[in-house]
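Asker: Straight out of Swiss-Prot:
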{"type": "ACT_SITE", "residues": "75", "note": "active site, acyl-thioester intermediate"}
{"type": "ACT_SITE", "residues": "115", "note": "active site"}
{"type": "ACT_SITE", "residues": "130", "note": "active site"}
């Protein structure tokens with residue numbers, strides 16, 4: 001007689017994709033294990049946008065793209081897949097939309113309401129569960145507090161959430177911000193200062209039951225990224241993820257012009273610049289395959305032809 005699995009087909013697909021042996025996911029430590037496994041596999045990347053191959057999104061499309069076809073994605077893809085995974089394990093979880101602060105100037109907001117975040121309610125406390133904020137990854141749930149007194153540490157830095165007043169982005173008045181800073185071992189002093197990552201309201205829940213791919217929040221956020229006047233994510237290819245060489249963690253970052261490894265502990269960088277001709281596209285694709293385990297781009301984005 002064939003054994004009856006206690007896991008759904010989607011749960012088994014997700015476990016396989018993140019390279020994790022199936023097990024019940026019941027505690028915050030279990031969620032942390034899943035978040036770490038996600039960071040080992042999922043790349044934060046915008047390749048479908050820069051190659052003009054986007055399609056309307058719902059759960060089935062996301063499974064096809066990220067789980068079956070081994071793609072990565074931005075927050076609206078990866079965090080949504082984690083949402084469905086944890087929801088099937090019975091977690092009280094919902095998705096919200098927040099606004100990311102410009103991580104270079106820290107003076108304005110990038111794409112208001114353009115960041116999709118998971119919030120879980122565990123034992124009557126709220127936590128941020130985000131596996132797709134670039135490589136600023138806490139790798140475990142972050143408690144939502146009033147004063148930011150509970151700090152979570154990962155290989156990428158320190159994270160906290162605190163309550164704020166008069167934090168306005170677009171038409172929204174947010175109630176909380178996520179802040180992050182680098183580890184004490186970081187060699188660049190400015191990196192050890194707390195900065196805002198993004199602002200949000202943990203109770204501003206979006207409807208995630210809509211399966212009409214043309215009108216889902218995932219499709220709407222994707223269109224916000226495409227239409228963003230700064231074109232930060234729509235014209236410049238980017239892939240980034242945490243890599244572990246067995247002794248230390250680094251952040252791998254691939255752009256049209258270069259590949260960079262940044263040591264998470266010290267901030268020291270090793271950078272390889274690509275040739276300034278059409279062979280840079282070939283070098284880009286080689287790194288996509290060898291470092292990020294992503295399928296190569298089939299069409300050349302305009303940035304490589306300039």
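Backbone N, Cα and C atoms are what each Cβ position is placed from, and that goes for glycine too.
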Asker: Can you tell me whether DSSP puts residue 130 (active site) in helix, strand or coil?
Answerer: coil
Asker: Cα-Cα, whole number of Å: the residue listed as 'active site, acyl-thioester intermediate' versus residue 115 (active site)?
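Answerer: Cα of the residue listed as 'active site, acyl-thioester intermediate' to Cα of residue 115 (active site) measures 6 Å after rounding.
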Asker: Once near-sequence residues are set aside, which residues in the chain of residue 115 (active site), 6 or more away, have Cβ atoms under 8 Å from its Cβ?
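Answerer: Non-local contacts for residue 115 (active site): 75, 97, 98, 99, 100, 133, 198, 200.
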Asker: Reduce the DSSP letter at residue 115 (active site) to three states and note it down.
Answerer: strand
Asker: Can you check which residues sit near residue 130 (active site), meaning Cβ under 8 Å from its Cβ, same chain, 6 or more apart in sequence, and list them in order?
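Answerer: Expected: 75, 79, 117, 118, 137, 138, 142, 178.
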Asker: Quick one: give me the count of other CB atoms within 10 A of the CB of residue 75 (active site, acyl-thioester intermediate).
Answerer: 26
